[in-house]
């Protein structure tokens, strides 16, 4: 079966439109980071300012939920989210060619803009909270989308109602993601993890109770965060079979291993494909069955 066609574009989307973008969950060590956007016709901007949108951090959870349901029901408003999984955040920040959090944030925001444009929304103005240097961020956005006017400002979620609305979209989406979290792990995990911020005593206690000496942390945890480093001192080093085989054949113990203290594992600097092609690091399962890697068929 093919994917469902996108919903029809509302008539107002062909008029000049504004968009606000904001995030929720940049700082926590637990859960996803969520970028949300809200957009509407420029002519609807005055009405938008009467809808009681405010910086989501200043609102109680019940009020945020109420406002989110109201904006979802408003046919003069469009919205979208980008939910970035904690494993994706850690993967990007720990890979050889690291992608820092600011770059991840920039790409998420630009992805939301691109998504709206691809739907056919006539975006003419976009308002965002600053991430990194304000002017550099604005120039970066303008170079990518030269036909759009960008306003990048500190505390944009308290200055512009369209960003306040985006803040609510992002915050409620993240809160629901945490509330509905289903662990990939088979173990029975407690959900009493507090706010997820590194300084929260309840979050600290949850991390301490749910660390594993071999497997690290549950999938909810951003193990690339510095907060996790102090919990990894009791983790065991893992020597992979391929590493041991490589060391045995050379007659030396492998000293090329570099400990990933944030996750409690060790690895080698030599590329896995080089090890595989040499035959030195081939798993015993493949060696016993005389199986080899074929690059051509």
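Each Cβ is built from the backbone N, Cα and C atoms, and glycine gets one as well.
A TrEMBL annotation is a machine prediction, not a hand-curated record.
According to TrEMBL, the domain 'RNase H type-2' annotation covers 16-237. Feature annotation from TrEMBL assigns divalent metal cation binding site to 22, 23, 129.
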Problem set entry | binding-site residues: 22, 23 - member with fewest neighbouring CB atoms within 10 Å | 23
Exercise. If one looks at the chain holding residue 129 (divalent metal cation binding site), which residues at least 6 apart in sequence have a CB under 8 angstroms from its CB?
Worked result: 21, 22, 23, 152, 153, 154, 155, 156, 157, 163
Seminar exercise, completed: Mean per-residue pLDDT in the domain 'RNase H type-2' (16-237) works out to 89
Exercise. Other residues with Cβ within 8 Å of the Cβ centroid of 22, 23, 129 at the divalent metal cation site?
Worked result: 21, 24, 35, 36, 128, 131, 156, 157, 163, 166, 167, 170
